[in-house]
Amino acid sequence: VGFKAGVKDYKLTYYTPEYETKDTDILAAFRVTPQPGVPAEEAGAAVAAESSTGTWTTVWTDGLTSLDRYKGRCYHIEPVAGEEDQFIAYVAYPLDLFEEGSVTNMFTSIVGNVFGFKALRALRLEDLRIPPSYIKTFQGPPHGIQVERDKLNKYGRPLLGCTIKPKLGLSAKNYGRAVYECLRGGLDFTKDDENVNSQPFMRWRDRFLFCAEAIYKAQAETGEIKGHYLNATAGTCEEMIKRAVFARELGVPIVMHDYLTGGFTANTSLAHYCRDNGLLLHIHRAMHAVIDRQKNHGMHFRVLAKALRLSGGDHIHAGTVVGKLEGEREITLGFVDLLRDDFVEKDRSRGIYFTQDWVSTPGVLPVASGGIHVWHMPALTEIFGDDSVLQFGGGTLGHPWGNAPGAVANRVALEACVRARNEGRDLAREGNEIIREASKWSLELAAACEVWKEIKFNWQAVDTI
């Protein structure tokens, strides 16, 4: 067929409702809001075209390749209930479009220029189905849930953490003191805040040294393995790895990375280093709400969570359902399952558009953090289960008697909830009573209960089905 210059509708090439998806295809579900007058089929086809092989006009070099082999295809369109001007477009991408083991390349195609396309008023990537054949090109999490439990020798309960506050301004020695007090009081982990890197008031090397001293002192006194998430995030990949190397030399168990601001290339490099050198990797999702908060534009966090499991991380922040940050229960539990489980069935009631098989990729521990305190402990234990990290920053350091009593209060509350659950009690219904009973024999918990008895964050979640 000879080359014919000009512009033709995307749907003539890229809308293929008869297409049967392959096991090796990457499947995407986009929420599309087209400009007025743009038909659904044309808008869906435009998304498929602009995120794969297409451009705005026909080009003669199309004849030098097999478009049928490489093009993305919009294979199904369905309306969004309650939204007249929105629909879900399902797009299938052949695996050959993507570099092996590169989240960066996958996202550059699927959520690249197409999000600025003029024919669309808004576009949101709701979910991805990543085929096993592509998953197997990634290392994934450095260690995973079971290996972490074995390293820490901690089983049968959620892990407890605390973000050191104030997040900025402390000297390294005072910072290390707070770490020691929290770990000595009964927490498993303490944490650098996401924006603690290497600032004039506290350079990274000083912080690492004082935190390592705190860890070893707390371990010696409690007989438990302890950790502090040392944030290795830096301005360059080379500097990031240098910090991780120093953490390994200190013998600490875990480092941390801000994976969205740091970038997927840097994160994958750090995850590989962590597996090779026995370090756990905690992931913070700073900047996620810029990408996932709007309901009709951007990318849902479940996609960012899947991308993290590919790129690599042993923990990731995943909302709390009950605290100060965004997170509706069923949707949150949907992507928590996508982080932890080996096989997750399609379930639209939880926002899961595709069945996902992780083919034994290690799981990631979800971290509940943000505005939570001892009264939330029963709900958090019931919602997240044992394979989670519950992190209380202000809920530890805000205790009226200090940091160590704050840690004691949280540990007592957690142990009480786990014991009550194991005895068959209903945490959702009897939670407050369980905490009150425990506070009778723990003065630290009683004081915490009194301070935070009136604190609630009663705003509606934006992210709903």
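Glycine residues also receive a Cβ, built from the backbone N, Cα and C atoms like all the rest.
Annotated active site, proton acceptor per Swiss-Prot: K165, H284, in sequence order. Feature annotation from Swiss-Prot assigns substrate binding site to N113, T163, K167, R285, H317, S369. Taken from Swiss-Prot, the feature Mg(2+) binding site applies to K191, D193, E194, supported by sequence analysis. Taken from Swiss-Prot, the feature N6,N6,N6-trimethyllysine covers K4, and the record attributes it to sequence analysis. Residues annotated as N6-carboxylysine in Swiss-Prot: K191. Taken from Swiss-Prot, the feature site 'Transition state stabilizer' covers K324.
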Sparsest Cβ surroundings (other CB atoms within 10 Å) among the recorded positions K165, K167, K191, H284: K167
K167 (substrate binding site) as reference: those recorded positions from K4, E194, H284 with C-alpha within 10 Å of it: E194
H317 (substrate binding site) and K4 (N6,N6,N6-trimethyllysine), distance between Cα atoms, whole Å: 52
Which recorded positions sit within 10 Å of K165 (active site, proton acceptor) - Cα, from D193, H284, R285, H317: D193
Residues flanking the Mg(2+) site, with Cβ no more than 8 Å from the Cβ centroid of K191, D193, E194 and excluding those residues themselves: T163, I164, K167, D192, N195, V196, Y229, N231, M256, H284
Proximal but sequence-remote residues of the same chain as T163 (substrate binding site) (Cβ under 8 Å, at least 6 apart): T190, K191, D192, D193, S369, Q391, G393
Distance [Cα-Cα, Å, rounded] between R285 (substrate binding site) and E194 (Mg(2+) binding site): 8
Which listed residue (N113, S369) has most other Cβ within 10 Å, given these are binding-site residues: S369
Distant-in-sequence Cβ neighbours of H317 (substrate binding site), under 8 Å, six or more positions away: I283, H284, R285, P366, V367, S369, G370
Whole-number Å value for how far E194 (Mg(2+) binding site) lies from N113 (substrate binding site) (Cα to Cα): 29
Densest Cβ neighbourhood among K4, R285 (recorded positions), 10 Å radius: R285
DSSP three-state assignment for N113 (substrate binding site): helix
Proximal but sequence-remote residues of the same chain as E194 (Mg(2+) binding site) (Cβ under 8 Å, at least 6 apart): N231, T233, D258, T261, H284, A286
